[in-house]
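K.L.:
Residues or ranges marked as active site, glycyl thioester intermediate by TrEMBL: CYS157. Here TrEMBL flags 72-231 as domain 'UBC core'.
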Amino acid sequence: MQSRVNKQLQIRLMITFSFIIEQSNLLIQNNSKKVKLIINFKYLYSDVTPIVISPDNCSLNQLYSYFAKKVTQMQRLNQHNLELEESKTIEGVSVGLESNSLYQWNISFAGPSDTLYEGGYFQAIMKFPEDYPNSPPTFKFLTEMWHPNIYSDGRVCISILHAQDEFNDQEPPETRWRPILTPEDVLISIVSMLSEPNINSPANVDAGIQFRDKPDEYKKKVRKLIDKALENL
């Protein structure tokens, strides 16, 4: 009977599935809605994440295994979201979901006290890959930034956002991403990076040179962008 069901699944299932959370239920269905699986559990946010499964190797065991991993991953992200929202380490932090997706967070935070960034308010987006936490998230400032370790498009270049790489001897393994780390760890590192840039391997070379050679001009430009961002809030 099991193999018979599996065979029917291989023939009938659409390739794309959706995970939809509504009213404390995880609803998993294909686009034709012929196949539906509901998992009951208390949940705070909604998320829609398409996945692709090849009909050639689709089986009940594989589907259930994938679904179980997905639920665990989403629960973990939800917990991380709550922890970051309640963080007492990062000043004025606020976390929202982009398009109701747990895999894309809108993050806002205040500039740290007693630094060049004090009084500023910064907005960014953090995205999580499908294999999180095995792979690191990405972090991109939406606020215009002038910083040696931030690309002109807002992407942040910092060790904690880099996956382990045995062929890269520029960054010690303990400074790179590990699955035990959290989004809060990432944001703490980025806040620290704002005041203590690494100019040895800059993402923005011009900002790195100005920080090193003309610190007063660097500070003036940073403050100008901070004031501009505050005016646009």
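Even glycines carry a Cβ here, placed using N, Cα and C.
On a predicted model such as this, the values are computed, not experimentally measured, just so you know.
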K.L.:
In terms of DSSP three-state secondary structure, what is the assignment for CYS157 (active site, glycyl thioester intermediate)?
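P.N.:
CYS157 (active site, glycyl thioester intermediate) sits in coil per DSSP, no helix or strand.
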K.L.:
Residues with Cβ closer than 8 Å to the Cβ of CYS157 (active site, glycyl thioester intermediate), same chain and 6+ apart in sequence?
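P.N.:
Spatial neighbours, sequence-distant, of CYS157 (active site, glycyl thioester intermediate): ASN149, ILE150, TYR151, SER201, ALA203.
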